[in-house]
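K.L.:
Below: one structure in structure tokens.
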Protein chains: 2
Amino acid sequence: MKFRSFTLSILVLFGISVDNSVSAQEKLVWTEVGNGVWKVSVGKPENYNLLSASGVKPEIAALQKMQKTELVSAKAGIFANIQDGKTYLRFPLQKGEQIYGFGLNFQTIHQRGRILRLHTDHYGNTDNGRTHAPVPFFVSSNGYGIFINSARYLDVYAGSAVRKDSKNPPKIQDRNTDKNWSARPYSDAVEILIPANGVEFYVFSGPGPLEVVRRFNLFNGGGCLPPRWGLGFTQRVERLYNAEQVKNEAQAFADQHFPLDFIGLEPGWQSKSYPCTFEWDNTRFPNPALLVKELGQMGVRLNLWTNPYVSPEASIYPKIAPFTGSHSVWVGAVPDLLKPEARDILFSKFKKDHIDIGISGYKIDEVDGGDSYLWPDVATFPSGISAEQMRQTYGVLMQKYSTELFHQKNSRTYGLIRASNAGGVSFPYVIYNDNYSHQDFITGLINSGFSGVLWTPEVRASKTSEEWLRRMQTVCFSPMAMINAWASATKPWSFPDVADKVKEVALLRMQMMPYWYSEFAKYHFEGTPPFRAMNLETGFFIENKTEKTNSNLEENPYEEAVSKEIKDQYMAGEYLLVAPFFTGQTSRKVVLPKGKWFDFYTGKFAGDGEVITVGSNLGNIPVYVKDGGIIPMMPPLLHAPKAGEKVDLEIRYYGQKNAKYQLYDDDGESYNYEKGEYSWREVTVEKQADGKYFGKISAPAAGKPNTIGKVSWSFMTKDN
Amino acid sequence: MKFRSFTLSILVLFGISVDNSVSAQEKLVWTEVGNGVWKVSVGKPENYNLLSASGVKPEIAALQKMQKTELVSAKAGIFANIQDGKTYLRFPLQKGEQIYGFGLNFQTIHQRGRILRLHTDHYGNTDNGRTHAPVPFFVSSNGYGIFINSARYLDVYAGSAVRKDSKNPPKIQDRNTDKNWSARPYSDAVEILIPANGVEFYVFSGPGPLEVVRRFNLFNGGGCLPPRWGLGFTQRVERLYNAEQVKNEAQAFADQHFPLDFIGLEPGWQSKSYPCTFEWDNTRFPNPALLVKELGQMGVRLNLWTNPYVSPEASIYPKIAPFTGSHSVWVGAVPDLLKPEARDILFSKFKKDHIDIGISGYKIDEVDGGDSYLWPDVATFPSGISAEQMRQTYGVLMQKYSTELFHQKNSRTYGLIRASNAGGVSFPYVIYNDNYSHQDFITGLINSGFSGVLWTPEVRASKTSEEWLRRMQTVCFSPMAMINAWASATKPWSFPDVADKVKEVALLRMQMMPYWYSEFAKYHFEGTPPFRAMNLETGFFIENKTEKTNSNLEENPYEEAVSKEIKDQYMAGEYLLVAPFFTGQTSRKVVLPKGKWFDFYTGKFAGDGEVITVGSNLGNIPVYVKDGGIIPMMPPLLHAPKAGEKVDLEIRYYGQKNAKYQLYDDDGESYNYEKGEYSWREVTVEKQADGKYFGKISAPAAGKPNTIGKVSWSFMTKDN
């Protein structure tokens, strides 16, 4: 304000009139649309946006169960106006405040100070906003979140820019004399440009960042609940495999006693691909229905690769052509999924040729980018939706309408998708890509939890046995345990010297299914991401330090400092902290939040609010359990339990605290849970007068599915 | 058309109505605005554009002297409409047609098939449209050029996208069976999206691509004519050097008998930098006027680094603050150069503190990017011009208004700039950056010629003597022979084992000044870029071949092929082909266009329309002269001749053809050439009846400057 009055006096002094190019502050229209969720409307928002594309309904009742909060303090400083035909939003930042999110980033957790253009695309080795899920949502360490409900490419200055009228201005430094001069002065706001004459945004309250994310997820329809088999092991076969080879692959897994729940077919199942016919190649697959049936008898489901681009040689082409975009992708027509006719024609084909014969799901490829492959931004669509908006939402639309097919059959699906966005959280799809940096995969997994998406750090190939094992371990602690052997035909046992350890962790994945399944149920009913950042964990707050590591002015002319953030460990479910090893590491540091943590394998105390160093000599992936951790496990089955199949439970308990755990149960395959056909069983562990621990589990609810057989207890922490 | 009627019949059949989201073709309003130059207006073009920013006047008279051409055939297929609030332009491409340009690219010459977002920025190791000069102009091998006169960020699909209604559709391929399947099907158009409700574009005719470029340059005011001294050698000193050290630096060059025409001071000359005061630091520079005078007595001028961001501690801050943007850069205010008040305040300071005491020019830094440093796209300016438009034109505005100061003094300048754009061709500035790939520097030099900008492959540091020599050689065959020692304090003789070779090429640079100066005069009067691509040379046409080099599907999932284009040799002036060596090369290939070429050093025949291999053993930079090449040279002076100083001329002749050359002459320092104070002297060489060659030069024009002393002749090709 000092500056303004100063300016004014100068103006008076010189008698100069100054243009005011900035339109006045736009009116912000606030509406509470759910417990702790406010919709704010600016100008004339566009009708087509991320939420309308997904069509999901907020889980108002679930939100209602959360802590009641007041309107966030952030409200006061929010500024909006319309300038140059675009909507400008500004959200104030406090000193020390951290912000996370802005979609599926692969190299950074902390977003404060970064500049992003949110744009659906293949991740290209830089976190610049181009990613598979450029979700315009950020979470603050101060306990609020902001979601911009726009399907446009958004320019985000996430606390990078400095306004002359800032009330918290950075100090002026002289580079000639000040050794601490920084090329990045302090910024006190997130600023966003939306290329539209108005926008809706949403503010989510906490109190903590985890509650913010939960509210965001519940408002977006709640997380997906995969079928139990979706959490089992999956193998994608080489792209030109035929039916016999696919059966052999399933048999090989059985012979090796290696878990397997579904096999994925790659382009060769289609009569033509790139562009696609969506029709079976009858030389390689003379009887697909029979194949599905035979695999089913082996306990293995079938998933199909496809992209949505319709070959002019496909039987549906003449019908769908009028409802496709102006530009083709690999000469295939792009269905305008906002035209009901296009959806009917495309998805009727999916239903008849695939789903009716028992296909369990899809891998939907190439709905992200890159620019060289996808329709250009100059393309037009019959529905009138712009190419840009179509790009931002195509992945969500494909998820939505393909999921509907399975819903109609009352049979859950779990598939793979290359692109998603806000509104996609309830669709049972996991994002994957072509990059293959193990480190980036883990950072991606961490970031997925901020943005309402799932991500698989898939395994494809490996230069060494060590790498193979390390990658397999992380994939077993992720939303989908997948080997993607489309190009390499690699098997889990392809590296003999680590084959036993690989099988061990794959079986551990199966044993942990009751835990994973319950955690996904919490994603669905409570909005808690099953895989998420440490930064969402109470007791974990680390200053985002930077360090000047390169003082060579020719290499680093602006003396940029490098962030030293923690981006290689994450939370898996309510209790587990996973800290994977990467190839070549013989030891690593693990940051344990405040509170006691215990080794998952031994139950031994590991630390409390400290940084520990762990050696890789035992070969396991380091996993730590929060004090009071209850991990329900089942026997190491090779396939997920079928609907109605009872399995015995081993309930592990770690630490010293009295504890409670909610164990979820339903049929594991159908959508009957939507009609209340599920139960939560409460597991409690309490310290008795004699110092010993005692566990109990509540009785099965009458008339609800009950898949639990005998229950046994393991009190893992011996040195209580 | 086939598809359309087919669609129609389907619609009739099903009785479905299809939305037409694409607005109809916009009317194109054509106006011939110069010989072979047409302006085309679509919708409602914005008032602020690249040409209005630069304010330059087309050289209509010079255009008139060029060959008269018909309206280009390209006209027929141009399509435009307004969609989603943006202007869409489409320009047809023919089979085999090549396109070049789209600004200062550093890795690619051929632009067909590429996708760019033209956006002023530091070059970030990828040719994606973000560059120091993202000029929206392309040249076709078919002999026309298109320039989009917009100061917006433009999305360009340069023959990458495929329309369903294409009349030249790519063939459908099946990736399952076709080994030649390509992820990049044939595209028959350049498509451009301009975020505005209309635009002006310009069409330039040839007949050849060089004439297209010449027309573009002349329409943009003609190329700049540097002072003679600007083509001499320049050294930038360490950033905190004081006056004494600067004088010592000049003395060291004199002692070493190394050419030197101007020294550049880096940030330390200012009392404060980043942000700037534009005021001398009186501890390091107690008497700047005296320093300029003393250096002048040594034949050395002084150039000043600055960026335009005004420190709140600068004396001009209170006055300029009201006329600056909403956001600061390194806490410095950003002058709104479209406000006359801002210009007056800033440039009056430049005039009084710098130019009036004899400063010869500026190095204007950080007007390009990156996003983290510059004002964000959300910034606003008092003039009402958007942040985006300001970003696209700031470099041009700084050039324009700083040049005006020198023009007022009738004293030419030659400086450095980090950003330019269309409209900037007449401003005497050379672009530089922080990248340091020698290969990319050469490709940048090649591309500069397509876009009306100059580029220096400056030398800063070196890991080896070999690298130092190789870099020095290319800098001597470029628009500005500069060592940029701001961070390293390296001297030309810092690598003793190549010091002689380095001095040799630096002196060669000086000897060639009459040639360089005449070639720049042709840039000014005829629009011919002094440094340019082989692709602009008659007799050079190479199919842009691609090759599949990586068949590993995990590393290259879309089986992308790699371009094998020629991007390491270029034309320097009318006659010279320069083919630099890079560190580590012991030999290299040189593509000689059709026609005879001769070795620059020996005069020997080198080849004719063929690929030759040249060894690096002689240590020289390979240079070839076109048949009939006339190269005027002067003695190896250490400083450029002063105004009125006569120098002797050695005229070299190469090859066998009878030849003519236009030698330019003026005072070399003032703008008097604008009032006709210049002359062209015609040099002719003809074969006589006795088989010997005879050269003559026309008499000096009466009443015009004449700087030529004695003339001698060297007939370099002995085996005629």
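Note that Cβ sites are derived from N, Cα and C of the backbone, with glycine treated the same way.
Residues annotated as domain 'Glycoside hydrolase family 31 N-terminal' in TrEMBL: A:84-152. The annotation domain 'Glycoside hydrolase family 31 TIM barrel' is assigned in TrEMBL to A:225-518. For A:562-631, the entry in TrEMBL reads domain 'Glycosyl hydrolase family 31 C-terminal'. Per TrEMBL, domain 'DUF5110' is recorded for A:649-692. What TrEMBL records for A:1-24 is signal peptide.
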K.L.:
So, taking each listed stretch (A:225-518, A:562-631, A:649-692) in turn and counting its Cβ pairs to the domain 'Glycoside hydrolase family 31 N-terminal' (A:84-152) that are under 8 angstroms, which one gives the highest count?
P.N.:
A:225-518
K.L.:
List, by number or range, the same-chain residues at least 6 past the domain 'DUF5110' (A:649-692) whose CB is under 8 A from its CB atoms?
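P.N.:
Result: 225, 227-229, 407, 410-412, 511, 514, 517-518, 521-522, 574-575, 596, 598, 600, 603, 625-635, 640-643, 698-701, 704-717, 720.
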K.L.:
Treating G and I as helix alongside H, and B as strand alongside E, what does DSSP give for the domain 'Glycoside hydrolase family 31 N-terminal' (A:84-152) in helix, strand and coil?
P.N.:
0 helix, 29 strand, 40 coil
K.L.:
Averaged over the domain 'Glycosyl hydrolase family 31 C-terminal' (A:562-631), what pLDDT does the prediction give?
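P.N.:
Averaged over the domain 'Glycosyl hydrolase family 31 C-terminal' (A:562-631), the predicted model reaches a pLDDT of 95.
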K.L.:
Residue counts in helix (H, G, I), strand (E, B) and coil for the domain 'DUF5110' (A:649-692), per DSSP?
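P.N.:
Tallied per class, the domain 'DUF5110' (A:649-692) gives 4 helix, 22 strand, 18 coil.
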